[in-house]
Amino acid sequence: MTQKLTPMMQQWHQCKEQAGDCLLLFRLGEFYEAFFDDALVLAQNLDITLTQRQNIPMSGIPAAYLDGYVDRLVSRGFKIAIAEQADNSEGGKGLVPRTINRLITPGALLSSSLLPEKANNYIIAISQVGSLYGLSCLDLSTGTFLVAEYDNTKDLIEAVYRLAPTELLSHAKFYQKNEPVVKQLQQHLRITLSEHVSWAFEYQSATKKLYTCFQVSSLDGFGLQGLVPAINAAGALLSYIQDKLLLPISHLSIPKIYGQHKHLLIDKASQTNLELLSAIHGEHGKGSLLQVMERTSTPMGGRLLRNTLVNPFYDLKEITLRQDSVEFFLKQEPLRKTLKRHLSCVRDLERLATKISTTLASPKDIGMLRDSLLSCMHIAHDLQSYTLPEFLTNKCLISSSLKSLIEALSTDLLQELPLKVSEGNIFADHYHQDLLRLRNIKTNSKSWILEYQERIRQETGIKKLKVCYAQALGYYIEVASSFAPQLPKEFIRRQSRLHAERFTTQELQQFQDEVFSVEDKLQTLETKLFKELCCYILQHRDLILELSTTIADLDYVISLAELAAEYDYRRPLVDHSDALSITKGMHPVALTLLDRGTFIPNDTIMHSAQTRMILLTGPNMAGKSTYIRQIALLVIMAQMGSFIPARSAHIGIIDKIFTRIGAGDNLSKGMSTFMVEMAETANILHNATDRSLVILDEVGRGTSTYDGLAIAQAVVEFLLFTEGKKAKTLFATHYKELTELELHCQHVENFHAVVKENGGQPVFMYEIAKGHSKKSFGIHVAKLAGFPLSVVSRAQQILHQFEGPDLRPEPEKAQQLVMF
């Protein structure tokens, strides 16, 4: 192919081979061009013109707008390779060299408008050694680096769901061998698949890459001893980032183990069913628990809240520490308001540190860092006079080294800083001895021009003579065409206009050379000083990241205190008991959607020695689903260290939450609604423990009545009597037959959603009371839904016949079908 192409297209072909499955943007002058299939992709996704040259499809984008176009492509899951042309300022002859200098993928964003402010942007790598799976996870924009190891695909998949990465890395053999796993991840996540060489996933290569990156000779200090699959995944991910994407890795934090035992586990189905991060029928998180709880003021605090929401604590100490801090700020309202004001001025310290580490920082970024650090100093000062809870003790103290940095940035930088280093005006005059001298020359040039203009007006007698500046011409003298013959011979013609002539002089040309030289010297000097400043800031990087963690923790607990104050939340007692007792509990999301005082609170009392299963009956629309979801949400909030919407609560720590609520067909897997329901229920039966909380809504409804009832009762009995599986369970059902279990098992208690009748019409009270429901009121709900009245009337007739002695109603004669 290359023999038939021009030299430039041969160069493109070489770059395309290196780019692999990336879309190649090839720099040609002031445009980035795409050719062949890439041109079609570019035109289709960016709505730009597709053209042809010598029968080669091509499309292009202006170099000045590259970042915006790249963001649009990456947001659609494309991987981009950028081929830049070498500097040809010296005017060398021949083809300008071009090489790929960066690759951009959805999971490897250092700085982009696509980065969510209050969420991480993860890329993960997975390796396999025998039956073990290694997982590594990176957020390049913050430097966060996590590793984990799993002995089954279920736990691996759930971990990936919780991390919600935008890109998955492995090698071809893994993808072939684990196709069902990969398809499942693609089905539930918007994730781009990437491949890397298989040898990078081998232990020797992986450890060497980790040693080099972190300047160590052993990984034992990171707690990775024996975790071969995790090490393989981590090393391969670093290799991919550095060697293939050509991105820096020196700013990464040391790898931390992403451990299951530290958190309350909430699987993907439960996250969705409970609408933790986004509402099932909402947009952009509206109607979710996250939307209700989001009161954070900083990007770091927002990310911490989001991560904790899907990974609540299982360690009682961690929960109590945060509860104490929330209580402290709840009582200290003036301090809380003051700190929130300061926190709102703190920018993303993690990502600013990454930008500086990777030489992507602009002067404006350094200004944001300076202002953020000043706000942190104000926070530390405001906290000094208080006796802080243990969680915050010493957290907001700023070291003397960091104080020196803050002082330097405050005194040495100008207040308003430019977006680009080339724009200058970054440092104060006193910062360097040559700055003031060069700036004075530049400033005095304006007065020199005015003086020169006035002098030659006097010498020539032309009062309307002007000295002007244009980018193409530089400085010039302009007079009306009629005055041009009066000018002395030393005036050199530069340009003729319709009614004017433009000239220069030796004196003006000499002045221009001096001014331009000064501007070049100023730009060179400030560029050099800016690089030195970034190096100085990097000496404090670890302190900045430590401060970032502190600010995130502080923002987190203050936001929970704000939430508690706004809705009068109370502190739950969380301990190692097996109690689940909630008085006057309310659904945190529904509470915000209704007028104050209109939500009906309900109690819950469960205890392994007494009631550990509630069978909940009642008609649709009476509040059953809201109630059982409410219990799960309150447990999650409590184990986040948050206060909850309840008068009081006693919650023994829960290890896992499972939900089986609603379903739809899974066409991509060839699974019916009932099959999805059974698969989710099977997962619960296999993985629930005595310390789990299980929420079941209408299990068994997707098949015949007796089949469904049999399945439902078998599930109930399994969770009641199987050792190690005796989870606290709330089971909402329409099967009245199940309520008889209360007579035979002391651990089962019937409750129902209260409905009163008024003139034969049901009135939903949204109260949960002891006992089982007597009626379902399904026909009434059908009427409310808009059923034709004739259908409603016929349904009532059939219901009366079912409830009478003859349990097999005959079809109306007019409706009987003639079968033969």
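Note: Cβ is positioned from N, Cα and C throughout, glycine not excepted.
As recorded in Swiss-Prot, the features of this protein are as follows:
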- GLY618, PRO619, ASN620, MET621, ALA622, GLY623, LYS624, SER625: ATP binding site (BINDING)
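Reduced to three states, the DSSP call for GLY623 (ATP binding site) is coil.
For the recorded ATP site, residues GLY618, PRO619, ASN620, MET621, ALA622, GLY623, LYS624, SER625 set the reference point as the centre of their Cβ atoms, and the other residues of that chain within 8 Å of it by Cβ are ALA753, PHE764. For the binding-site residues listed here (MET621, ALA622), the lowest count of other CB atoms within 10 A around the CB belongs to MET621. Within the same chain, the residues at least 6 positions away from GLY623 (ATP binding site) whose Cβ sits under 8 Å from its Cβ are ILE600, ALA753, PHE764, TYR766, GLU767, ILE768, listed in sequence order.
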